[in-house]
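Colleague: Here you go, one structure.
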Amino acid sequence: MNANALRVLEYDKLKELLAKQTASSLGAQFVRKMEPAEDFEQVKALLALTTEATTVYRLRDRYPFGGLTDVRSEVKRAEIGSVLSTSELLAVADVVYSGRQVKAFQERLHEDHPDLRLPALDSRIEQITKLVEIEQGIRHAIDDQGTVQDSASDKLRALRSQLRSLEGQVRSKIDGVLRNKSKMLSDAIVTMRNDRYCVPVKQEYRQAFGGIVHDQSASGATLFIEPQAVVAANNEIQEARLKERAEIERILAQLSALVGSVGDSLRINVDVLAELDFIMAKALYGHTIRAVEPRLNENRHIVLKEARHPFIPDDEVVPITVSLGGEFTSLVITGPNTGGKTVTLKTIGLLQLMVQSGLYVPAADETELSVFDAIYADIGDEQSIEQNLSTFSSHMTNIVSMMGKIDFMSLVLFDELGAGTDPTEGAALAIAILDEVKRRGARVAATTHYSELKAYGYNREGVVNASMEFDVESLSPTYRLLIGVPGRSNAFEISKRLGLEDRVIDAARDQVGTDAQSVETMIGRLEEAKQRAESLERELLQEQQRLVEEREEFEREQAEIHQEKNEILAKAEEKATRAVERAQKEAEAVIKRLKELRDAGAVKEHELIEARKQLEQAKPSLQDQRIAKVKAKTNQAPVFAKGEEVKVTTFNQKGYIINQNSNGEYTVQVGIMKVNVKPSDLAKVGEVKSASKTKKRSGGTSITKQSAASAELDLRGVRVEEGLAKLDRFMDQALLSNYEQIRVIHGLGTGAMRQGVQEYLRGNRHVKTHRLGGQGEGGHGVTIIELK
């Protein structure tokens with residue numbers, strides 16, 4: 001990528017802001033090495049990584065990188081046999097811990113969101129090795145302050161125990177010296193000199209006190225003397241300390257060797273964690289600047305919607321909407337300086353650099369960007385967003401360098417093209433340069449204040465004029481980009497509002513040609529027309545948004561109604577189920593009492609009639625529920641013949657079938673109307689009459705007794721619903737008659753009646769077993785039932 005373009009578009013400042021989002025110096029190093037990619041597939045992959053990181057941040061948070069430092073040099077030293085210090089070993093343990101935490105974080109994320117797909121991040125995290133043994137070994141041996149702990153080895157524990165014992169003996173002896181020779185001492189304290197216990201003795205008692213002098217005070221009045229009584233014990237302490245140091249050195253060497261043995265894995269861990277920190281920083285920066293993922297295309301098409309320059313504060317920035325590379329390949333922004341033209345160029349250039357670096361861009365949805373091999377920018381030397389200090393020479397030197405490289409895969413940005421020289425020559429040069437760049441197929445955006453270029457967009461195919469809006473009332477620019485409208489100088493209007501006399505302004509107008517005045521007038525009208533159009537567009541968008549919100553509110557209300565309906569149905573079903581269970585228990589109680597009376601031989605006719613009446617009263621809801629459940633399970637939709645009389649249950653009217661439609665519905669003539677009705681909303685008139693007659697009969701089912709232990713029910717030619725009602729009554733009477741086995745003849749046919757009978761029997765608690773008939777019993781056209 002062109003170095004000058006990176007400089008003038010302030011790419012380094014972008015990297016500084018991005019580096020602030022990293023959690024480690026390693027992540028910041030990745031940011032500092034970041035460069036825009038020039039390959040389309042590579043840019044796609046970079047954006048995919050940012051998208052996955054954004055998803056992770058949205059669902060949970062950033063990865064836990066605590067303790068991540070660059071330990072690669074320490075690992076290399078360990079590999080060649082060097083002994084690492086305790087702080088260096090702790091840094092290694094921290095890196096291992098960080099990797100383990102990131103892996104655990106990713107695993108929990110997938111557990112919480114089983115359908116989540118993060119292929120790019122997962123492939124990187126899979127490379128991290130947990131290295132639990134390394135981490136545990138270091139933590140077991142070294143505490144958080146970097147001290148080797150007693151638990152590091154049995155030998156170290158024993159040596160330190162010996163040290164504590166010896167130090168206790170020395171202190172005990174010195175305490176005696178402090179008591180017995182207190183007048184010789186400058187102070188009654190014990191101090192350490194050269195790792196030996198000493199006491200402060202006055203200079204004049206040097207000979208009387210004895211012992212070994214190790215130090216003296218700055219004034220020389222006090223000597224720090226090791227009492228003779230503790231010399232031997234101090235020697236033992238020194239020997240023990242030497243052994244302690246040797247054991248600590250051995251432990252550190254052992255841990256360092258362990259680190260060196262997994263050097264490759266540790267380096268991979270560091271590299272992966274650093275890259276993850278860098279990727280997550282992109283997601284966090286995008287969140288900070290309210291960025292969106294842009295669409296990516298391969299046709300060098302730029303579409304910015306409400307784009308904002310990321311360095312300008314939100315309360316100051318004015319979003320721009322601009323398209324380049326579709327209908328128009330060149331954009332020429334005209335008008336006076338200080339109107340925001342340079343900011344527009346920098347916004348286009350910097351957002352293109354951002355997307356090619358895998359960053360989201362601060363813009364609205366539907367923003368679209370492409371991938372360019374090179375971006376060239378001539379925005380002057382040392383120019384900031386607020387200033388333009390370039391000269392003609394510096395401009396032209398840069399342009400000459402650019403022109404030797406520009407091709408159809410380039411994005412070119414010219415600021416104040418042709419400025420700094422004679423206006424006529426400068427304008428002519430600007431037009432020639434724009435024509436040449438356009439001829440090469442590059443995408444170009446240029447700014448100029450030359451009025452000669454106002455007509456350029458109208459005279460060249462693929463070129464569009466634009467200008468920065470200026471508020472004449474407030475005498476200040478609005479920084480809004482107006483596409484399709486060339487810029488005006490507004491010099492006369494501004495001068496008039498500032499108080500210049502009308503006759504002076506009129507004289508100035510006379511100096512300007514009629515054609516130039518006409519052009520300015522035309523531009524003014526274009527600006528007004530565009531503002532009216534934009535105002536109308538905003539109103540339409542607001543109305544559209546209102547309609548969308550109303551529709552969403554309507555859909556929410558519909559969903560609430562549907563949910564309420566389902567809750568009511570669920571409660572009703574629960575209530576019906578309880579009623580069925582209650583009826584079942586009542587029926588069982590009646591049957592049990594009848595059996596007890598029959599077995600006792602004490603049943604009388606009027607008692608039997610009364611018990612049967614109770615059974616019939618308890619039965620209907622249970623019977624209806626059983627039939628409904630079996631009907632639902634068999635999925636047996638009623639079939640109607642053409643001309644058959646039916647009842648439309650939805651509005652309780654009779655009619656007759658005209659025909660059946662391809663979607664399964666029936667066309668029914670009801671009075672003077674023809675209606676299309678679902679089969680489930682139709683009932684046979686004969687069936688309704690039959691049902692009403694059945695209710696009036698209490699014992700209409702006939703049981704043919706074949707022997708003392710069998711009975712038979714013939715259901716051939718009967719519809720499923722009617723047959724199940726008969727079977728229900730038949731079962732009750734069979735139980736009252738104390739039958740042990742019964743037969744139900746349902747025939748073969750379509751199998752619907754057989755399936756219905758099987759479903760009914762599976763839900764009946766009085767049935768011990770049931771099976772299809774065997775050879776000589778009627779085969780599959782008969783069901784044999786044994787009762788409990």
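Even glycines carry a Cβ here, placed using N, Cα and C.
According to Swiss-Prot, the record shows the following:
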type	residues	note
BINDING	G335, P336, N337, T338, G339, G340, K341, T342	ATP binding site
COMPBIAS	699-708	compositional bias 'Polar residues'
DOMAIN	713-788	domain 'Smr'
REGION	688-708	region 'Disordered'
Colleague: Tally the residues of the domain 'Smr' (713-788) by DSSP class, grouping H, G and I as helix, E and B as strand, and everything else as coil.
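Modeller: Counts, helix then strand then coil: 31 helix, 19 strand, 26 coil.
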Colleague: Over the domain 'Smr' (713-788), work out the mean pLDDT and round it to an integer.
Modeller: 83
Colleague: Would you mind checking how many other C-beta atoms are within 10 angstroms of the C-beta on K341 (ATP binding site)?
Modeller: 28
Colleague: Check G340 (ATP binding site) against DSSP and tell me helix, strand or coil, would you?
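Modeller: Once the DSSP labels are grouped into three classes, G340 (ATP binding site) ends up as coil.
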